Amino acid sequence: MKNWAKYTSCAWYCKLEEDKLLESLIIRQLGLKPYVLVAQAMQHFTDRRIADSADEIWLVQHQQVFTQGQAGKTEHLLMPGDIPVIQSDRGGQVTYHGPGQQVMYTLLDLRRRKLGVRALIKLLEQTVILTLAHFSINAHSRTDAPGVYVGADKICSLGLRIRKGCSFHGLALNVSMDLSPFRRINPCGYVGLRMTQVSDFAPGTGIDDVAPVLLAKCLQLLPGTAGVPYRI
């Protein structure tokens, strides 16, 4: 599955035993895109989805941007400089996105999948922990601060929004990127929080290595998709 970024989307189908409905889950590989355009597309998709709309997972990298969550405080923007600052409707505080970071947006009907918000957060954290374990990286979550950590350093940030029982936004996993912009902010509102990335522990590992593993681990955990084969 390496070098799969050339594909624009893939889809697979699963039979849910509880309601005998055939559901589709669509995966979109978007490449490198501006944050604002993708955020608007997520809002548009969520506002217009109906009861039988297929859920979607979007894999994307963003051009350099700081995003402020709904709880964001300007005091945590230390020296943004020439990197734009965008207000986001996701939860949480300020974070940074840039090339070499794998972002995964989960556009899911939580009621249909019988998932609560806390369960979704745990699912996303566990997805990342299992992904990192694949690369022999021992990671963990924290009860006091959402996200995934290696030791005391943060490697993945989470931020979600729920509307009409459906989720959008998701996670951002640092893979092989320039981490210096994180020093221009207090990441996620924590003073002195250090950020790390996959390539610090597994040199030479890039997005094309991590993305398919991240997706596979998510599908193992997501209700209604475990063990279901899929096609590109």
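Positions of Cβ are set from backbone N, Cα and C atoms, glycine also.
Regional average pLDDT for the domain 'BPL/LPL catalytic' (51-226) in the model is 94. The domain 'BPL/LPL catalytic' annotation in TrEMBL covers 51-226.
Under the heading substrate binding site, TrEMBL lists R90, G91, G92, Q93, V94, T95, Y96, H97, S157, L158, G159, G170, L171, A172. With a cut-off of 8 Å between CB atoms and residues at least 6 apart in sequence, the same chain places G92, T95, P146, G147, L171, A172, P187, C188 near S157 (substrate binding site), listed in sequence order. Under DSSP, S157 (substrate binding site) is assigned to a strand (E or B) in the three-state scheme.
What TrEMBL records for K154 is site 'Lowers pKa of active site Cys'. Long-range Cβ contacts of K154 (site 'Lowers pKa of active site Cys') within its own chain (separation 6+, distance under 8 Å): G147, V148, P187, C188, L193, R194, M195, T196.
Marked as active site, acyl-thioester intermediate by TrEMBL: C188. The Cβ neighbour count for C188 (active site, acyl-thioester intermediate), using a 10 Å radius and every protein chain shown, is 23.
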### Task
Return the maximum Cα to Cα distance in Å (whole number) over the record's substrate-binding residues: R90, G91, G92, Q93, V94, T95, Y96, H97, S157, L158, G159, G170, L171, A172.
15
### Listed in sequence order, residues with CB under 8 A of R90 (substrate binding site) and six or more positions away
T67, G69, Q70, G159, L160, R161, H169
### Summary
Lowest 10 Å Cβ neighbour count of the binding-site residues V94, L171 is held by L171
